[in-house]
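Enquirer: This is the structure I have questions about; it appears just below.
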Amino acid sequence: MIRKAFVMQVNPDAHEEYQRRHNPIWPELEAVLKSHGAHNYAIYLDKARNLLFAMVEIESEERWNAVASTEICQRWWKYMTDVMPANPDNSPVSSELQEVFYLP
């Protein structure tokens, strides 16, 4: 398994709405994530800094990257643009983090 972590932002007035939209996520999106090898996906909110920290275990980079081209992911990204900063393709603005420590 490959561990990935990344940081995104959420709009200051959208914390509750962001959480509402993720509890639960659309069943179709959950199915796509799982079918593309995503496991143990978690997102944490730092309310003071409007930051989202996400962590996911994936089976392969290729399968993980393929999620972005699915119709359901494209719809989800568009759905989320009013609660978080987005790139021109509607994907969330994010920065991948480098793992510096892991305790199995």
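Note that Cβ sites are derived from N, Cα and C of the backbone, with glycine treated the same way.
What Swiss-Prot lists as substrate binding site is TYR18, TYR41, TRP76, TRP77. What Swiss-Prot records for HIS22 is active site, proton donor, and it gives sequence analysis as the kind of evidence.
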Enquirer: Which residues, in sequence order, are found in the same chain with Cβ within 8 Å of the centroid defined by the Cβ atoms of TYR18, TYR41, TRP76, TRP77 at the substrate site, excluding those residues themselves?
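Expert: Checked against the 8 Å cutoff, the neighbours are ARG21, HIS22, ILE25, LEU29, MET80, PRO92.
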Enquirer: On the three-state reduction of DSSP, what should I expect for HIS22 (active site, proton donor)?
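Expert: The three-state answer is coil.
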Enquirer: What whole-number value in Å do you get for the largest C-alpha pair distance within TYR18, TYR41, TRP76, TRP77, the residues recorded as binding substrate?
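Expert: The substrate-binding residues span at most 17 Å between Cα atoms.
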Enquirer: May I ask you to report the DSSP-based helix, strand or coil state of TYR41 (substrate binding site)?
Expert: strand
Enquirer: Using a 10 Å cut-off, grab the number of neighbouring Cβ atoms around the Cβ of TRP76 (substrate binding site), all chains included.
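Expert: There are 20 of them.
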Enquirer: What Cα-Cα separation, expressed in whole Å, is found between TYR41 (substrate binding site) and the residue listed as 'active site, proton donor'?
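Expert: TYR41 (substrate binding site) to the residue listed as 'active site, proton donor', Cα-Cα distance: 12 Å.
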